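Read through the structure below, which is laid out as structure tokens, and then see the notes.
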Amino acid sequence: MSEQISEQSEQNVYGASSPVPAGESSPSAASAPRTKVRTHHLQKWKAEGHKWAMLTVYDYSTARAFDDAGIPVLLVGDSAANVVYGYDTTVPISIDELIPLVRGVVRGAPHALVVADLPFGSYESGPSAALAAATRFMKEAGAHAVKLEGGERVAEQIACLTAAGIPVMAHIGFTPQSVNTLGGFRVQGRGDAAEQTIADAIAVAEAGAFSVVMEMVPAELATQITGKLTIPTIGIGAGPSCDGQVLVWQDMAGLSSGKAPRFVKRYADVGGELRRAAVQYAQDVAGGVFPAEEHCF
């Protein structure tokens with residue numbers, strides 16, 4: 001089926017809270033149908049200067065809520081290792097643990113572009129391994145694109161995947177899968193290291209990546225890279241100049257425990273609301289208040 005979209009469809013691809021070109025009204029579910037977001041929409045938004053949001057998501061119900069909210073890109077991140085499976089780092093999670101999550105998200109998000117993370121150990125050995133891993137996510141889970149970490153060192157893998165028709169989102173700066181070699185959770189690209197970060201960004205773009213995540217990179221450097229690249233940049237702890245922004249949804253919504261990273265803004269207290277609801281439910285059951293007559297047949 002043709003990927004060409006009419007001017008009207010290009011306008012309708014934006015969700016209620018997504019970027020809309022100047023002079024156009026923001027369509028809502030009631031006023032205009034939404035179109036499936038594709039990689040070329042992100043390129044168009046960069047060219048027009050429209051910023052957009054990406055969130056991680058790991059299940060059908062949350063994906064449906066974010067899709068309804070108009071979030072255009074959803075990432076089934078290897079951060080599921082932490083927030084779904086309870087691992088200390090993202091290193092242990094496997095393809096087999098991620099694929100069922102991607103399936104659920106794809107079913108719950110008919111409009112969003114769904115990106116699947118390639119986990120540690122699934123692509124580092126070379127293009128063949130990367131192709132095998134990415135193919136599984138595309139065929140078995142229905143992902144629309146994959147993401148992998150690294151700059152120049154994974155350029156061959158990115159080129160291989162794009163040549164095979166698999167869209168690739170790159171990830172540079174702080175790469176969580178390499179936490180053991182980076183010496184912990186540290187800002188990347190400071191001082192002399194900035195040149196390597198720039199080289200990594202250029203390398204992934206030239207290899208064919210359709211976008212690049214920059215994590216924990218100085219804002220000034222992220223601004224410089226965003227200006228150099230023709231592909232969209234997505235920031236997480238990389239300042240406001242990136243074309244898009246991404247957060248782990250549990251951090252964004254206040255479900256994560258402990259102190260949030262500096263780059264996180266919490267927009268809700270979902271964790272607190274869940275605890276309050278659970279306590280009230282348990283009290284109602286213990287007190288014989290629930291179920292009441294209106295809950296019975």
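Positions of Cβ are set from backbone N, Cα and C atoms, glycine also.
From a predicted model like this one, the values you see are computed outputs, not experimental measurements.
Listed in Swiss-Prot for this protein:
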- Glu215: active site, proton acceptor (ACT_SITE)
- Asp78, Ser79, Asp117, Lys147: 3-methyl-2-oxobutanoate binding site (BINDING)
- Asp78, Asp117, Glu149: Mg(2+) binding site (BINDING)
- 1-15: compositional bias 'Polar residues' (COMPBIAS)
- 16-33: compositional bias 'Low complexity' (COMPBIAS)
- 1-40: region 'Disordered' (REGION)
Neighbourhood of the Mg(2+) site (Asp78, Asp117, Glu149): other residues with Cβ within 8 Å of the Cβ centroid, in order? Gly77, Ser79, Thr90, Leu118, Pro119, Phe120, Lys147, Leu148, His171, Pro176, Gln177
What is the interatomic distance between the Cα atoms of Glu149 (Mg(2+) binding site) and Ser79 (3-methyl-2-oxobutanoate binding site), given in whole Å? 13
Out of Asp78, Asp117, give me whichever of these binding-site residues has the highest number of other Cβ atoms within 10 Å. Asp117
Position of peak Cβ density within 10 Å, selected from the recorded positions Glu149, Glu215: Glu149
Which one of these binding-site residues has the most other Cβ atoms within 10 Å of its own Cβ: Ser79, Lys147? Lys147
Helix, strand or coil for Asp117 (3-methyl-2-oxobutanoate binding site)? Use DSSP. strand
Rounded to the nearest Å - Cα separation of Asp117 (3-methyl-2-oxobutanoate binding site) and Glu215 (active site, proton acceptor): 15
C-alpha spacing of Asp78 (3-methyl-2-oxobutanoate binding site) relative to Glu215 (active site, proton acceptor), in angstrom: 14
So, three-state DSSP: helix, strand or coil for Lys147 (3-methyl-2-oxobutanoate binding site)? strand
